[in-house]
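A short worksheet on the structure shown next.
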Amino acid sequence: MGRKGEIMPQPTVRPRPRAYPPPEFPPRRAALFARTPSAVFPVILGLCGLQLALRTGLAATGLAPWAGDLLAGLVLPLIAFALFAYGVKIVRRAPVIMEDIRVVPSRAGLGAAGMAAMASAAILAPYAPGLAQGVLILALAAHGVLALLVLRGVAALPPGARGVDPGWHLIFTGPVVGALAAAMLGLRGLSVTLFFLALAAALAIMAVSLVQLIRRVPPAPLRPMLAIHLAPMSLFSSVAVLNGWPGVALGFAALAVAILAALSLAARWITAAGFSPLWGAFTFPLSAFAGMLFLNGATVAGWLALAAAGVVVPLIAWRVLRLWPGGRLAALTNAAEA
C-alpha cells in the first residue's frame with residue numbers, strides 16, 4: 001500500500017518452466033530390430049511382383065526362365081529377413097503392432113507385409129508346391145488376424161482419423177494375392193473364394209475413396225498412395241485369367257488401363273511433395289499391371305510395362321531400403337519402437 005487510497009501493483013508471478021531430463025549421452029540406441037519400419041514391405045512387395053511378371057513374360061515369349069529364377073533367389077531371402085526383423089519387434093513388445101496400426105504409412109506397410117508373404121508362396125509354387133501351400137496358409141491366417149487388429153485399431157482412433165485411404169486395399173483387398181497364389185497351386189476353390197472376398201472389399205474401398213476424393217483434396221505427401229488403386233484391378237484380371245474367366249479378365253484389364261491413364265495424367269500432381277518412402281506405393285501396382293498384360297495375351301505391351309517396372313521398381317526399392325539401416329526410414333514413417 002503506497003499513499004492513502006492507492007494500491008501498489010502486485011509483482012507478476014511467472015510459472016516456473018517445466019523441467020526436462022537432460023539428453024542421454026551417449027544417445028540411447030534402440031535394441032536390434034526394435035524399430036523395424038513396416039514401410040520396407042511395399043517395395044519388397046513390388047520386387048515380388050516384378051519377379052512374377054518377369055517369369056510370366058519369359059514363359060509367354062518362350063524364353064529360358066533363368067532370369068526369373070535368379071530374381072526369385074534374390075527376393076525370397078529379402079522377404080524372409082524383413083518378416084523376421086518385424087517378427088522380432090513384435091516378440092520384444094507385442095502391443096507395438098497396435099501403435100504402428102495408428103499411423104497411415106505403417107498400417108499400409110503391415111498390409112504389404114501380408115501380401116508379400118502371399119506373393120512369396122506364388123514365387124515358390126513352381127519350385128516347391130508343398131512348401132508354397134504351407135506358406136500361403138500361414139500368410140492368409142496372419143493377414144486375417146491383421147485385418148481384425150486394424151479394425152480394432154482404427155475404431156479406437158479419433159473420428160477425424162478414421163477415414164478410408166488407399167492403403168486399406170493392402171489390408172482388406174490384399175487376399176487377392178492369395179487368390180493368385182492359390183490358382184498357381186491348383187487350389188481353385190480357395191482362389192475363387194478369396195477373389196470374391198477381395199472384390200467386395202475393393203469395391204467398397206474404391207467407392208468411399210472416390211467420394212472422399214471429390215469432397216477434399218488429399219494432402220500432397222499422401223498422394224502417392226492413390227497409385228495403389230491400380231493394383232487390385234490388375235490382380236483381379238490376372239486371377240480371372242488363371243481361373244478361366246476371359247471376359248471378366250478383360251473387364252478388369254480395361255479398368256486397370258483406365259486407372260493407369262488417369263494416374264499418368266496426374267503424375268506431376270501426385271508427386272508434388274517429392275520423394276518419400278510412400279513412393280513404395282508406385283512399385284507393386286506397376287509390377288502387377290505388367291504381369292496382368294502378359295496373362296491377357298498383350299505380350300508386347302507387357303514387355304513395355306515390364307521394362308518401365310524394371311527401372312522404376314528397383315530404383316525406388318533401393319532408395320527406400322537404404323534408409324532402413326540407421327533408423328532413418330523408421331523416423332520418416334514414425335514407426336513405433338518395441
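Glycine is no exception: its Cβ is also placed from the backbone N, Cα and C atoms.
Keep in mind that TrEMBL annotations are predicted by a computer and have not been checked by a curator.
These features come from TrEMBL:
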REGION    1-21  region 'Disordered'
COMPBIAS  12-21  compositional bias 'Pro residues'
TRANSMEM  32-54  transmembrane segment
TRANSMEM  66-88  transmembrane segment
TRANSMEM  108-128  transmembrane segment
TRANSMEM  134-155  transmembrane segment
TRANSMEM  167-187  transmembrane segment
TRANSMEM  193-214  transmembrane segment
TRANSMEM  226-245  transmembrane segment
TRANSMEM  251-271  transmembrane segment
TRANSMEM  278-295  transmembrane segment
TRANSMEM  301-321  transmembrane segment
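Each of 108-128, 134-155, 278-295, 301-321 was scored by its Cβ pairs under 8 Å to the transmembrane segment (226-245), and the highest score goes to 278-295. Under 8 Å from some Cβ of the transmembrane segment (301-321) lie the Cβ atoms of residues 39-40, 42-44, 46-47, 49-50, 53-54, 56-57, 60-61, 275, 277, 279-280, 282-283, 286-287, 289-291, 293-294, 329, all in the same chain and six or more residues away from its ends. Beyond the transmembrane segment (66-88), the same-chain residues lying 6 or more positions past its ends with a Cβ under 8 Å from any Cβ of the stretch are 32-34, 36, 38, 40-41, 44, 47-48, 50-51, 54-55, 58, 113, 116-117, 119-120, 123-124, 127. Two recorded stretches are said to be in contact when at least 3 C-beta pairs lie under 8 angstroms, sequence spacing 6 or more; the transmembrane segment (167-187) and the transmembrane segment (108-128) meet this definition. Residues 223-224, 226-227, 229-230, 233-234, 236-237, 240, 279, 289, 292-293, 296 of the same chain lie 6+ residues outside the transmembrane segment (251-271) yet bring a C-beta within less than 8 angstroms of a C-beta in it.
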